[in-house]
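Visitor: Pasting a structure below so you can have a look.
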Amino acid sequence: MLYWLTQLLQGQYHAFRVFQYLTFRSILASLTALIVGLLCGPLMIRWLRGLQIGQMVRSDGPQTHLSKAGTPTMGGVLILLAITVSCLLWCDLRQTSLWLVLLVTLANGLVGWVDDYRKLVLKNSKGLPGRWKYFWQSVIALVAVSYLYWNASLPVHTQLTVPFFKTVTWDLGVFFPVLAYFVIVGSSNAVNLTDGLDGLAIMPIVMVAGALGVFAYASSNAVYSNYLGIPYVPNTGELTIFCSSIVGAGLGFLWYNSYPAQVFMGDVGSLALGAALGIVAIVVRQELVLLIMGGLFVIETLSVILQVGYFKYSGGKRLFRMAPLHHHFELKGWSEPKVIVRFWIITVVFVLCGLATLKLR
């Protein structure tokens, strides 16, 4: 909205031409989302406390988590509010890729909200049954990937780019929707599994989103993409602003979610933000780079898969003390802040490796 207003004023006031630049609007978007998060955070926390929407803690988990019982959750609503407000203010709303990404994010947030509402308000311990959660995630993903597939007007739209190789691409053709579906649903659930400690998930989300914003910016520019040897994907520049909004909103949320957390994001936040990372990676054609940068989410998910599989086929034995992996280290005696910071450090390494693919080809 403000971007549209600045467009009208450019003819009379040359200073407003600065709003044409993605970099400038990205900074403003990030700051806007940060301010919305910081200002609305206390109001959201008080409101959730008033509704008695508090976290339920597993009795079989680390005993240190028992003190978290009753901590307000569903704070992901605050993150989504900050992202949406920021995008509406600073994005060029004529770009369809922005609306696709934003709608996929909010739709997955709605699925998470229903799950949280059933668990925390209706006191249904199972929340939204797994099969229904997966069903609605699948519907959202299939609608999104079908739109992308049927509107693919350039070869790059269905090509898989292999990191570290300048000329290695695979034309997925009819298999593009399959890959895209698993990226969206998989990313959404992987982030959800990681969100188990104070601030553990949100900081990696911020780092990966920021890096994806760099890819979105470079991919939308023919000169930069040619120089870096990455796919040129027209009309995706506004996703830089979307990613910047995630960065700002995430940092604003971390202010209240850092240890000891005053609020948790809940499924409404984790499912939405995971899906956001997935759909952005698909649109800018960097699915494999997301796999690298989101390595922490991959490791956490694999720990659950391995734990369940090993338990099933070994007759009840466990590979880890507890899954996801962050709980394993807690039960080994690591303090919660130590687990969190070390997992953040791991994410920094993964994100740097992903960014290295911009030049190492």
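Backbone N, Cα and C define each Cβ position, glycine as well.
So Swiss-Prot says this about it:
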type	residues	note
TRANSMEM	27-47	transmembrane segment
TRANSMEM	70-90	transmembrane segment
TRANSMEM	97-117	transmembrane segment
TRANSMEM	134-154	transmembrane segment
TRANSMEM	167-187	transmembrane segment
TRANSMEM	199-219	transmembrane segment
TRANSMEM	236-256	transmembrane segment
TRANSMEM	263-283	transmembrane segment
TRANSMEM	288-308	transmembrane segment
TRANSMEM	338-358	transmembrane segment
Visitor: Between 70-90, 236-256, 338-358, who has the most Cβ pairs under 8 Å to the transmembrane segment (288-308)?
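Guide: Selected stretch: 338-358, with the most Cβ pairs under 8 Å.
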Visitor: Before we move on, state whether the transmembrane segment (167-187) and the transmembrane segment (70-90) share at least 3 Cβ pairs under 8 Å, counting only pairs 6 or more apart in sequence.
Guide: no
Visitor: Cβ pairs under 8 Å with the transmembrane segment (263-283): which stretch of 27-47, 70-90, 134-154, 199-219, 338-358 has the most?
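Guide: Between the candidates 27-47, 70-90, 134-154, 199-219, 338-358, the best contact partner of the transmembrane segment (263-283) is 70-90.
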Visitor: Could you tell me what the rest of the chain brings near the transmembrane segment (70-90), counting residues at least six beyond its ends with Cβ under 8 Å?
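Guide: Contacts with the transmembrane segment (70-90): 1-3, 25-26, 28-30, 32-34, 36-37, 40-41, 44-45, 48-49, 53-55, 98, 102, 105-106, 109, 112-113, 116-117, 120, 241-242, 244-246, 248-250, 252-253, 256-257, 261-270, 272-273.
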